[in-house]
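Here is the structure we will look at.
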Amino acid sequence: MSTQPSDSAEPGAAPAAVSTYAGVENTPTVPGSEPDAAKHAEEEPKVVNPTEPQPTAPVDNEPKPAAAPAQEADSPADIKDSVSTTAGELSPLAQLWKAAEGHAHFEIWGVPLSDPERHIPTQIIFQKFLNANEGQVEKAKDQLLKTLDWRQKTQPQQLLRKMFSKAKFDGLGYVTTYTAGDEPAVDEPEQKEVFTWNLYGSVKSLDETFGNLQEFVEWRVALMELGLMEINIGGAIKPITADYDPYKMTQVHDYKGISFLRQTDVAKAASKECIKVLGDNYPELLKEKFFLNIPAIMGFFYGLMKMFVSKKTLNKFHPMSSGTNLAKEFVNTKVDGLGDKLPAEYGGKGADLKTLGKAPIVT
């Protein structure tokens, strides 16, 4: 499985080789770079013609046995109910549902799974797994089942209620939501923009924050689950396709005050683990990723990346030397004045992240 926000890579981790994520495109292992890696082009499922033309019997005068009555064609309703071809091949979505039905854990991203032919939130989730694997059902099924295993073991929804260390994580990450109006239409998901913010300049001690690997990964997963709550796939009524998917989030990684010359083993280990966990279990959730306050040397590194990753992938990564220019990036959006809604620190006129944003619980 290829590995893909979703987000990650922590401060102190030096740029490394480009890695691939199932769902977020080819993401470089650079500070802040996490999933959300991969492949978005989906293969069309093979359509099996239920009726093959039969050769015409030769004409002669010998008596012939009565021909078997022709089988009636399924009605559209029957086809939808069975979600199969006459060859017995289930549709890609139905195959994923059949696999998920046999699992003990029935939830992904806060959504109780159900038949995707009748439950749009499940259709969205399953289609994301297909999109992350270029429409290859077996690969999507493998990733889906492993995600169910991981969620059963980790119980990430419970991390939303966990108390994290204020000394380690306060001010490190936020989730903000900006809408076209007070109550955007539920059938127009494009009228809502969800951001996750990773402020690595707020880290007081790399060893303290990243030293306990499990604790840091749990905090990062809690931030991701908060973002998913804001996207609200469970309330969606508009399905997605291989080419249309508005249920994604923008990720911002701010490195203001971080020295890229400082590299600690614990920070690199935390980055590596986050990339794996988020890439494996949160495919196709990245809309755009902005790397802010990046030193000039990192800008040079991104120039070199053009030699190794596709243009489609690069279009999602935006290294910027100054965070104050971020607001200018949001022109083509259905949320009017989105740039102005961002905090002043990022070129907008909105409230600061501590006032407006949501974050995992710290104490």
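Along the chain as shown, residues are numbered 1 onward.
Just so you know, glycine gets a Cβ as well, placed from its N, Cα and C.
Annotation source Swiss-Prot lists region 'Disordered' at 1-84. Feature annotation from Swiss-Prot assigns compositional bias 'Basic and acidic residues' to 36-46. For 64-76, the entry in Swiss-Prot reads compositional bias 'Low complexity'. Annotation comment: Swiss-Prot describes 180-354 as domain 'CRAL-TRIO', evidence class sequence analysis. The heme binding site annotation in Swiss-Prot covers Tyr200, Arg220, His253, Tyr255, Lys289.
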Practice item. Give the number of CB atoms, excluding that of Arg220 (heme binding site) itself, located within 10 Å of its CB. Key: 27
Practice item. Provide the number of Cβ atoms within 10 Å of the Cβ of Tyr255 (heme binding site), excluding the reference atom itself. Key: 22
Review point. For Tyr255 (heme binding site), what is the secondary structure by DSSP, using just helix, strand and coil?
Key: coil
Practice item. Could you tell me the maximum Cα-Cα distance in Å between the residues recorded as binding heme, namely Tyr200, Arg220, His253, Tyr255, Lys289, rounded to a whole number? Key: 17
Study note, to complete from the structure: Counting across all protein chains, other CB atoms within 10 angstroms of the CB of Tyr200 (heme binding site) number 23
**Study point:** Count of other CB atoms lying within 10 Å of the CB belonging to His253 (heme binding site)
**Key:** 28
